[in-house]
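Engineer: The structure that follows is given in the form of structure tokens.
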Amino acid sequence: MNPNQKIITIGSASLGILILNVILHVVSIIVTVLVLNNNGTGLNCNGTIIREYNETVRVERVIQWYNTNTIEYIERPSNEYYMNNTEPLCEAQGFAPFSKDNGIRIGSRGHVFVIREPFVSCSPSECRTFFLTQGSLLNDKHSNGTVKDRSPYRTLMSVKIGQSPNVYQARFESVAWSATACHDGKKWMTVGVTGPDNQAVAVVNYGGVPVDIINSWAGDILRTQESSCTCIKGDCYWVMTDGPANRQAKYRIFKAKDGRIIGQTDISFNGGHIEECSCYPNEGKVECVCRDNWTGTNRPILVISPDLSYTVGYLCAGIPTDTPRGEDSQFTGSCTSPLGNKGYGVKGFGFRQGTDVWAGRTISRTSRSGFEIIKIRNGWTQNSKDQIRRQVIIDNPNWSGYSGSFTLPVELTKKGCLVPCFWVEMIRGKPEETTIWTSSSSIVMCGVDHKIASWSWHDGAILPFDIDKM
């Protein structure tokens, strides 16, 4: 092929490619016009995605038109079913660590709330740590004087379990200096008590919205559990106290559905005292282990049926589990009457396991330090001293505090029984330490079918903080 023929051949090929390119562009333009004139019913690339924006989950439908995205927000459907919670408690051989927030250690340099009374409650999809803030941060001037229980600055807030009570992840729940919270399978219900001592009010929120209220009926510091309430088949139960902390007070059981109170009953308990009950579901009933702040070093027991009938008495075991208390050897136990003359007390818990009982208590008999959980054979029904298992959670030189119960629902565990769990508060600062503030962190344990070794999961913060040295 001579040079002229080569030039003609290359030119013809180039012209052919050019013509093909023009044809393709014309076809592309025609198709685009036809599709855009088809009102969104033509070719597209659609999909539904889930995105997280700073702790908030949004479900979005993304429609893509070549280089253009249309994002349509889809309302998240609420959970459709109430939790059953009529299953029995699982048998626990020991308790394994579930979470530890280390809030005070982190708070020495992080934006962490000053808190007290932390507790845990679970929905079908997650567990959350609730806590009562003091409207102030650790290592800040507003933390001064936060040893006080009741103030207009206290609020109930929550984080996902294991997170510290920090300002970036905490969710506001209620204005409160006493509270309880639980999930019925559809939405969270919170009960927050606030206001003056003689006219306090409890506001019942459901799904974050105020739905009902309870006014003080005795005019003497209306208060509630400081731990999880209990929902069974959509009905939620909790216990409240109104009256003196050191003599006879008045006690009531409340029942709500969708946050609206549908029943209540007074508890007749002459000579006994009930405060800060730690409750859990078990075989269709609500079982509570409470605090006697009047005289008893044994703990009140309250069992609530769905119709609000109840039985009330004391933990039968011949081993005391309140603080302060006397020697184990000098305690006889009673199923019906308070025993001891130590007064005061601390919030605690227990779990019935058939006729046995797992019961938590401080290791110290006189102060809120150390923590252990012991299993007492036949301790739910008899004055038994037969301690068949012991597990140390916090060793004695380290501070503890309140403790309480909750359960893992079957929706979370896929078991046929409710896993018993508990949390232990570790109080730091005033009145035991040289600081201007009082706050706490917590350790959470859940029942397993294996024995777990004792250890000390104590708070570990080094005090005082910088603010305490000014």
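Cβ atoms are placed via backbone N, Cα and C, with glycine included.
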Engineer: Hey, Swiss-Prot has Ca(2+) bound by Asp292, Gly296. Any idea which of Asp266, Asp322, Asp328 it lists too?
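Structural biologist: Candidate listed by Swiss-Prot for the same site: Asp322.
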Engineer: Pick out which of Cys288, Cys290 Swiss-Prot lists as the disulfide partner of Cys279.
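Structural biologist: Of the candidates Cys288, Cys290, the one Swiss-Prot pairs with Cys279 is Cys288.
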Engineer: Which residue in the list Cys229, Cys236 does Swiss-Prot annotate as forming a disulfide bond with Cys231?
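Structural biologist: That would be Cys236, the partner Swiss-Prot lists for Cys231.
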Engineer: Taking Tyr402 (active site, nucleophile) as the reference, which of Asn84, Arg116, Asp149, Arg150, Glu275 (the recorded positions) have a CA within 10 A of its CA?
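Structural biologist: Taking Asn84, Arg116, Asp149, Arg150, Glu275 one by one, the ones whose Cα falls within 10 Å of Tyr402 (active site, nucleophile) are Arg116.
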Engineer: Among Asn84, Asn144, Asn293, Asn398, the glycosylation sites in question, whose Cβ has the most other Cβ atoms within 10 Å in this structure?
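Structural biologist: In terms of Cβ crowding, the pick is Asn293.
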Engineer: Quick one: average pLDDT across the region 'Involved in apical transport and lipid raft association' (11-32), no decimals.
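Structural biologist: PLDDT averaged over the stretch: 71.
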Engineer: Taking the Cα atoms as reference points, how far is Asn84 (N-linked glycosylation site) from Glu276 (substrate binding site) in Å?
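Structural biologist: For Asn84 (N-linked glycosylation site) versus Glu276 (substrate binding site), the Cα atoms are 25 Å apart.
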Engineer: Just name the winner among Arg150, Arg291 (the binding-site residues) by count of other CB atoms within 10 A of its CB.
Structural biologist: Arg291
